[in-house]
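The annotation substrate binding site is assigned in TrEMBL to A:Thr153, A:Lys179, A:Thr190, A:Glu276, A:Asn402, A:Ser407. The feature active site, nucleophile is assigned by TrEMBL to A:Thr190.
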Protein chains: 2
Amino acid sequence: MKIIKGGVTAAKGFEAASTAAGIKYKDRTDMALIYSKKPCKTAGTFTANVVKAAPVKWDRNVVESGVKSQAVIVNSGIANACTGEEGYGYCKETAEAAAKALGIDAEGVLVGSTGVIGMQMPIEKLKNGIVKLAEGKSKDIESGTLAAKAIMTTDTYEKEIAVTIEVGDRTVTIGGMAKGSGMIHPNMCTMLSFITTDAAISKKALQAALSEDVNDTYNMISVDGDTSTNDTVLLLANGMAKNEKIKYDTEDYKKFAEALHVVNEYLAKKIAGDGEGATALFEVQVMGASTKEQAKIIAKSIVCSNLTKTAIAGHDANWGRILCAMGYSGAEFDPEKVDLFFESKAGKIQICENGTAVAYSEEKATEILSQPEVKAVADIKEGSEKATAWGCDLTHGYIDINADYRS
Amino acid sequence: MKIIKGGVTAAKGFEAASTAAGIKYKDRTDMALIYSKKPCKTAGTFTANVVKAAPVKWDRNVVESGVKSQAVIVNSGIANACTGEEGYGYCKETAEAAAKALGIDAEGVLVGSTGVIGMQMPIEKLKNGIVKLAEGKSKDIESGTLAAKAIMTTDTYEKEIAVTIEVGDRTVTIGGMAKGSGMIHPNMCTMLSFITTDAAISKKALQAALSEDVNDTYNMISVDGDTSTNDTVLLLANGMAKNEKIKYDTEDYKKFAEALHVVNEYLAKKIAGDGEGATALFEVQVMGASTKEQAKIIAKSIVCSNLTKTAIAGHDANWGRILCAMGYSGAEFDPEKVDLFFESKAGKIQICENGTAVAYSEEKATEILSQPEVKAVADIKEGSEKATAWGCDLTHGYIDINADYRS
């Protein structure tokens, strides 16, 4: 497996475009198109929130119907959530406008929205944007990057990655882009993530690879504990690499799934590290667990604790908060067996042994916690399972952004 | 039922004291004593956190053993959590020192601690403090208030209340004090709350009244979602009102339970409203639920949402975040039936009907949300059950306090 330059346009046959449709933001792009020359088998995972945005309902119908998709229209600024039948109607109008502009079937158009909840779409602006997107689409690497920028809300940088694997004598490419920032505590998958691949692969294998992996990637990140109404991951495969078709549970499937995992984990970590107001990516590894589930529950509880996240913001090795968060996670373990470590580029330090403090240098701990990527490792010494979760620190920036997000 | 002046010294036979032992803070009191002239039947509820502080373990043993208690020694500054056997040993030493100073049995001394986790107690300072507490104890109302001040950490004001009820021809008094502020998301009960009563009551009735009520009071508040290692509610009854003994499930029991509820709800709301950095008490009522449990789950999810709490800080009627938090609560309901209202001293306004926005004045909504006590009411129109939860807004103050709490 090789990491290469680019994102959603890296795989053969995929094009992208972006435009400033003036939906809510001024002076920036706010719409993106992903287009495939050939129709794509499509896998998707969606929010577990009972309140589902209109595009989530639309895309789930497309994915479950089994029709091939050929385009994704994404907008930022307005989430099209809590908008009732009117909002769902706008998804249909969006798909129809895109179908007309691109000369494809409307039933194969996926839509994605992110932004304010409860506001209706300015559909005419959207339609004008779609015409521009269709005109401007390109297979350039650059156009993928610009699309990744257009879907951002409070994100501070675009998130994209592409990798290649060899399947038989063919090179298969997987590329993806994602946006996150706030209301990030995915349950099924995160805010918006779009993955494209030219792999020839069965629909079953495609969906399985995605569904299995989201539990270890997007579902293991949290910015603020708020599971969004719009969480969507879409994976489009157009088969243009012309490899022998990848089937479920084969060696090639494993290779594909591993490469997809690299893409998903990369994007998930970028979302966590670029959480609203974040100054640090906070990685938590729980090891020595009896089951993976136990390790996951504890790791997520730590990464979601406001007190722990605020301590990370202050570069303060306040380890008691971590033990506290482990304790209320809902998982059973023996607190008097827990070893705790902090780690970053500046070094590694043991903070706690068998549940109580060891002598450590606060100065050194603060130095370790002052890096842009910091890690806590908790060993509960029960077994050999482990899990990792990713989050960020909780800062004044988060308050600034969210105390008046709508205006 | 009548609300009267005072707190833990309001009931007959109870005395209190406070002192500055220099445990961690400078220039303020940090130890308190509650003393009863006669041994007390004692009820308690404790944190559900797997990581339990030493005083929680000590007090649970006392309550479960059924011995009568006669004193509570509380300190602020250090929580005596994650301190292993050494920490538990300090509870024993504290009880023995208090027993000696007060001339009572050590097995009837309860202890409570709040503050930093993971630090060992300066036991000599504690012992010196206990001597001063024993010398200074008094039945004055003022001494109860000073005790309520001494147990504060980041609380900005003391929390106390007292009520009286008539049982037969006798007046029974219930008084209490509590502290909260951070790491407040009680599961069984909140940080530290001490209730005293002169009621003559059976041990079974005493524990039942407390256990039943914490689920509707302390367990319905949240400051930051972090369930503490030290959550403790203790209820001491010395029988000195000389009323006919209150037995479980009688008319007198109901009267006692109602009065206890007023005390608990008052203290719980004060803890929520005085959350770290809070500028507003945020009350959430969910009505029209099929079951009380469903209403509770949804109400707690809203009150715990960082995004909703930050919107309250910004006086922003960002109702989509409330619907979102309802949706990920884990409770089933139909989002397209939800009506939502904001309410405060400045008025009441409907924001959303059947899951989508109604035309409302943003200006009026902001005016309503700018009060020190604001309320959101969600009607899910399924049945007639309801529940209320209490929290606070999430502000820069929370970050300031917690980014470097230990120093």
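Every residue gets a Cβ built from N, Cα and C, even glycine.
For A:Asn402 (substrate binding site), the Cβ neighbour count at a 10 Å cut-off comes to 28, with all displayed protein chains included. Taking 8 Å as the upper bound (exclusive) on CB-CB distance to chain B, the binding-site residues A:Lys179, A:Glu276, A:Asn402 give A:Asn402 in sequence order. The Cβ of A:Lys179 (substrate binding site) has 29 other Cβ atoms within 10 Å, all protein chains considered. DSSP assigns A:Asn402 (substrate binding site) to a helix.
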